Each structure stands twice: as structure tokens, then as C-alpha cells.
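Please read the structure below before turning to the comments.
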Amino acid sequence: MNNVFVVNAGSSSLKYQLIDMESEQVLVSGNCERIGIDGGKITYKYFGTKKVVETDLPNHKAALDRVVDLLLSGETKVIDSIDDIVAVGHRLAFSRVSPCSNEITPEVLKDIEATTEMFPLHLPGMLTGIRACQDTFSGKVQVAVYDNSFHLTMPPKAYMYAIPYDYYKDYGFRRYGYHGTSHRYVSLRLAKLLGKPVEELKIVSCHLGNGSSLCAVDGGKSVDTTMGYTALAGLMMGTRSGDIDPSLLLPMAQKAGLDLEGIHNVINKKSGLLGVSGVSSDHRDVENACAEGNERAQIAIDMLNYQIQKYIGSYAAAMNGLDAVIFTAGIGEHSPGLRQEVCRNMEFLGIQIDEEKNAANHGDEEEISTSDSRVKVWVIPTNEELMIARDAYAIYQSKQK
Ligand code: ADP
């Protein structure tokens, strides 16, 4: 059996999937929560059944060992031996250097550790997850899949900031972009669905969730994306402001009596849909408030739709053409209203949406443009775990040769 174990580790949680790489079916998925805190809990979903195990999870290794017990024994058993798992794929936020996924060698681990400064909240949890897997799955290929790798193909004109060059050279201050695994997955998937090589397609991929980003994918390569050095940039999001005038930060701090950290907190946690609407960071709640006539909610929704339209237009210009727009992630998959508004008045670009198909689509993989729309519009549910598993499996296979 050729299964890959996919891990997305946080400081107190560890999400996992076990994927059979021959059928690409998810055998098991789940989450270990409250690791290192009282009241640990493991959810374990297998073949349509869900089991919840409440047990103290003192650390990530203990949590993984419990999951392996569940995989190997009792009613929850899905594999006979740990050797039925050939590789482990880890979701990581960032690599400064690696344009693709790679095996976690001691040198690679050092590179990853060196980025802790940029991700002080998330990286320590991810690193703990890697170390625990190296222990529990010792001898298996461990592969790192980075959220920004896909964007390392961007040209300097897209990734440079117009600040003194030394800041780029000395500190690496440039656009990096995130959600790369998702943009890569949906653009490859679209090429397959259209029966065309991805090299021949110009795509704008819209990943719209709590965090949102758009990506211009030209010939299968990311040529521009909305997120920047951090995941704050670009579109307004659930609680993040997206792009604002950077010179606003100083008067904001003075008026609100906040220091730099306080302002950082405001633009990351109190802005976006939540900040403008005053209702919620959740797009569903804000849409519902609009339907009840809430004016601020309507402004927030209008702003988001408008920003997405502007980026689609600018990316069509950047790529000198557009063949397809993809909507994915929580909002992209589940909000017909957003898709309808974003595609309104875009006929000049060749985008025409089939309103009935769009209204009926709540996350199905489907084309929602009219048959004569020059630009194809698709809803494609993202599947970052499968992409991670594929990369891990490919590296495992290359090592067998
Ligand atoms: P994250 O960035 O945390 O992975 P998601 O991709 O799950 O986020 O997206 C969360 C957003 O998707 C929320 O704003 C939520 O309102 C919106 N959404 C709308 N409908 C649904 C749905 N049926 N399921 C999940 N999310 C939905």
C-alpha cells in the first residue's frame, strides 16, 4: 500500500489526513486539538464514520502516537502496518529559497528554522510537528510543501517593493505571496478539466477564505499575486485590512494612542469585513446582514467585490489575456452572491456568468460561465492536502529509482 500521511501542525493542534496515492482517496482525516493543554481531543474520520477520542495530549508526539494506534488497531483500523505509509507531507508557510517542495534534510530543516522570525506565531508549531513525525514515522521520507513556493517564479517587477534596494538585499523585504499550494492545485485541476495543457492557459485564481488572495497564473506559473511579504497585503479579508496607504499608519497610531504593535493588531485582527461592517469577520454573517438592510455590511461586501474585480482586470492586463477565472476556498466555493457581483459588468473582458448555474452552485466542481463566454469561469474546491500528498509521493518515488 502506498499511503501518504499529510500534516498541518499548529502550536496546539495537528490536522492530518491519510491518503491512498493509487486512488488519491482520503482514507482518514482528523484533528488533534488542545495539545499541551488540558482536555485534549482527537477527531478521527474514516469511511464515513467519525470517532472522537478525549484524552490528554501532552505533546505533538503523543498526539501522533495516538493517531497511529487508531490507524493500526481496533474498529478504527485502516492499515496493517506503519510501513503502509511511505511518506509524510508537511504544510509549511514559507521558504525563502525553495521554488518547489523538498525532502526535509538537516540542511532544509535549518533553512526552515531560519524563517521563525517571520512567522513567530505559526512556525514553532509546524517545526514541532516535523520533529514529532520524524520520531513517530522514523525512516519515512518527510517532505516540506511551502505556501509561497509557487510564487517564486514571479519576476522582479512583480515582487519588488519601491523601497531602498538595500532593504531587499539585506533583509529580503519583497513580495512573497501565499496560498500557493491552493493556486497550484486549482490551476492544474482546471487544465485537466478543460483538457488543455496548463502551459497554454492564462488563469486568475481567486482563493477567497478567511485569508484571501488572487494569483495570475500564466502558463502554469505564478506571475503575480496579491499577498506580499506578509499575508496582510492585497484584498481585504475577514479581519485583515488588505492594502492601505502605508502613510496612514502613523496618523492612525497618533489618533488612537497606539504603538506600532497596537496598529499591527488593528490591521490584522480588527479590520477587513469585521472592521468595516462591525458585524462579523465571517462572510456569511456579513451577507446576511446585507440582506437585512445593514448599510455598513453592504459597504464591506461592495468593497470586497470591487477589489476582486480590479485585480482580475489588472491581472488580465499583466498576462496580456485571460482564459479562465477560478473561484475557490470557503467564500469562493460557497458564495454565489460574491461570484455574481464580481462577474457583473465584466463582459468587456469576455466574462459572462450563467446566473442560474452560479446560483445553484454551493461548492461543486463546475463551470459557471455561459457556453459562449470567451473566458471560462469555474468553481473548483481547493484540495491543498492532496497537492501536499502528491508532492511527498513524487519525492518518495524519485528516491526509489
Ligand atoms: P480559511 O482561510 O480559514 O481556510 P475558509 O476557506 O474555510 O477559511 O473560508 C472561510 C470563509 O468562507 C468564511 O468567511 C465563511 O463565511 C465563508 N463561507 C461561506 N459559506 C461557507 C460554507 N458553507 N462553508 C465554509 N465556509 C463558508
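Backbone N, Cα and C atoms are what each Cβ position is placed from, and that goes for glycine too.
Feature list (source: TrEMBL):
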| type | residues | note |
| --- | --- | --- |
| BINDING | N8, E384 | Mg(2+) binding site |
| BINDING | K15, H207, L208, G209, N210, G211, D282, H283, R284, G330, I331, G332, E333, H334 | ATP binding site |
| BINDING | R91 | substrate binding site |
| ACT_SITE | D147 | active site, proton donor/acceptor |
| SITE | H179 | site 'Transition state stabilizer' |
| SITE | R240 | site 'Transition state stabilizer' |
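Annotated features, which come from TrEMBL, shown on the structure.
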{"residue": "N8", "record": "Mg(2+) binding site", "Cβ within 10 Å": "21"}
{"residue": "R91", "record": "substrate binding site", "Cβ within 10 Å": "20"}
{"residue": "D147", "record": "active site, proton donor/acceptor", "Cβ within 10 Å": "22"}
{"residue": "H179", "record": "site 'Transition state stabilizer'", "Cβ within 10 Å": "30"}
{"residue": "N210", "record": "ATP binding site", "Cβ within 10 Å": "16"}
{"residue": "R240", "record": "site 'Transition state stabilizer'", "Cβ within 10 Å": "26"}
{"residue": "R284", "record": "ATP binding site", "Cβ within 10 Å": "12"}
{"residue": "I331", "record": "ATP binding site", "Cβ within 10 Å": "26"}
{"residue": "E333", "record": "ATP binding site", "Cβ within 10 Å": "20"}
{"residue": "E384", "record": "Mg(2+) binding site", "Cβ within 10 Å": "22"}
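Maximum C-alpha to C-alpha distance over the listed ATP-binding residues K15, H207, L208, G209, N210, G211, D282, H283, R284, G330, I331, G332, E333, H334 is 24 Å. For E333 (ATP binding site) paired with H179 (site 'Transition state stabilizer'), the C-alpha to C-alpha distance reads 15 Å. Geometry remark: D282 (ATP binding site) versus E384 (Mg(2+) binding site), CA distance 21 Å. Proximity of the binding-site residues (N8, L208, R284, I331, E333) to ligand 1: a Cβ under 6 Å from the molecule is found for R284, I331. Residue environment of L208 (ATP binding site) contains 26 other Cβ atoms, counted within 10 Å of its Cβ in all protein chains.
Proximity note: of the listed binding-site residues (K15, R91, N210), R91 have a CA within 10 Å of the CA of E384 (Mg(2+) binding site), given in sequence order. When Cα-Cα distances from K15 (ATP binding site) are compared across the recorded positions N8, R91, D147, H179, R240, the shortest belongs to N8. L208 (ATP binding site) carries a strand DSSP state (E or B). Using Cα positions, the member of the binding-site residues N8, L208, I331 nearest to R240 (site 'Transition state stabilizer') is identified as L208.
Distance between Cα atoms for N210 (ATP binding site) and H179 (site 'Transition state stabilizer'): 12 Å, as a whole number.
For the binding-site residues given as K15, D282, the lowest number of other CB atoms within 10 Å of the residue's CB is seen at D282.
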